[in-house]
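K.L.:
Below: one structure in structure tokens.
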Amino acid sequence: MIDIKLPLTDLHRHLDGNIRPETILDLANQHNIQLPANDLESLLPHVQIIENEPSLVSFLQKLDWGVAVLADLDACRRIAIENVEDAINTGLDYAELRFSPYYMAMNHKLPVEGVVEAIIDGIRSARQNNDIDIRLIGILSRTFGEQACTQELTSLLAHQQHITALDLAGDELGFPGHLFQSHFTKARDAGWHITIHAGEAAGAESIWQAIRELGATRIGHGVKAITDPVLMDYLVENRIGIETCLTSNLQTSTVNSLLDHPLKQFLEKDILASINTDDPAVEGIDIRHEYEIAAPAAGLSIAQIRQAQINGLETAFISDTEKQALRMKAANR
């Protein structure tokens, strides 16, 4: 279902949600960190979704063991490198990897800015001699409150030339977007693009808030947009992209089944919705699964899947010149 003559993108891919289970075991052994299991088979149910979770918050708990083993900055650098390797191995031409430096730092009280530096260095190292375009998106983890987000933002701004965009993720219901308006004003002043997790756990009003108050030009998940026809018209008219994550939305019980997912309706409406992974290691999937299994299960036609692939590049946070270079690369395959 993937058109190899088109660039393959993944715009919504959490670096800290894609820590290999084997790496979790290895780092735990290196740093004498107690895990709930000592072998891969027994560990998997603790770090990967086996059955759909009842909520977003319970889904996010599966990420916690991955960051629990980040005992030093070398570990952070390693997972950045492995994320690029995974992106290459799954056939991506372009990926935007997002990460929350505070979340990655907090278990072992690592310097938050040091985590940012380690991720940047790991990405730079892994990209050498590899034909893949990687951009970084910083995340403010709303779950930890405004003060922690201020610390995250300061650390990200210290390396602003290496960061493409800013995101707000975490407990959407408990920490609504209006709490972080000043953070995103600073991000826009720095020249960053804005993408916001919205309309996943909360309703359409959260998406409106992300656009109007935080300046989002892309929305992560955005499932609840389907409940607001005026919002859907606004998304079309203003070319605001929706970063769809099919399997993730099923596993968080945001939708009851893939056939209930609104992606098909978004595409019929000409909303710039794309197909993305979210947390590949936690979900036990890759981008090919989303295109070849999840998208058809969500009722998408081959033409709609192709359009979603086109939308991925169209809404990527890069210049038109860079997009055209990726198109030429794919066309010549």
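Glycine residues also receive a Cβ, built from the backbone N, Cα and C atoms like all the rest.
Keep in mind it's a predicted model, so treat the numbers as computed, not measured.
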K.L.:
Can you match one of Asp270, Asp279, Asp286 to the substrate site that Swiss-Prot gives for His14, Asp16, Gly170?
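P.N.:
Answer per Swiss-Prot: Asp279.
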K.L.:
Quick one: which of Asp93, Asp278 does Swiss-Prot put in the Zn(2+) site with His12, His14, His197?
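P.N.:
Of Asp93, Asp278, Asp278 joins His12, His14, His197 in the Zn(2+) site that Swiss-Prot records.
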K.L.:
Which binding-site residues are spatial neighbours of His221 (site 'Important for catalytic activity') here, meaning Cα within 10 Å, out of His14, Asp16, Gly170, Asp278, Asp279?
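P.N.:
Correct set: Asp278.
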K.L.:
Rounded to a whole number, how many Å is the Cα of His14 (Zn(2+) binding site) away from the Cα of Asp279 (substrate binding site)?
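P.N.:
Distance between the two Cα atoms comes out at 5 Å.
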K.L.:
Roughly how many Å lie between the Cα atoms of His197 (Zn(2+) binding site) and Asp279 (substrate binding site), rounded to a whole value?
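P.N.:
Between the alpha carbons of His197 (Zn(2+) binding site) and Asp279 (substrate binding site) there are 14 Å.
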K.L.:
For the C-alpha pair, I'd like the distance in angstrom between Asp278 (Zn(2+) binding site) and Gly170 (substrate binding site), rounded off.
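P.N.:
So the Cα of Gly170 (substrate binding site) lies 13 Å away from that of Asp278 (Zn(2+) binding site).
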K.L.:
Taking the Cα atoms as reference points, how far is Asp279 (substrate binding site) from His12 (Zn(2+) binding site) in Å?
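P.N.:
Computed Cα spacing between Asp279 (substrate binding site) and His12 (Zn(2+) binding site) is 9 Å.
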K.L.:
Neighbour count, 10 Å Cβ-Cβ cut-off, for Glu200 (active site, proton donor): what number do you get?
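P.N.:
Step by step: centre on the Cβ of Glu200 (active site, proton donor), count other Cβ atoms within 10 Å, giving 23.
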K.L.:
So which other residues, same chain and not among His14, Asp16, Gly170, Asp279, have a Cβ within 8 Å of the centroid of the Cβ atoms at the substrate site?
P.N.:
Leu15, Gly17, Leu60, Leu63, Arg98, Phe99, Ser100, Tyr103, Ile139, Ala169, Asp278
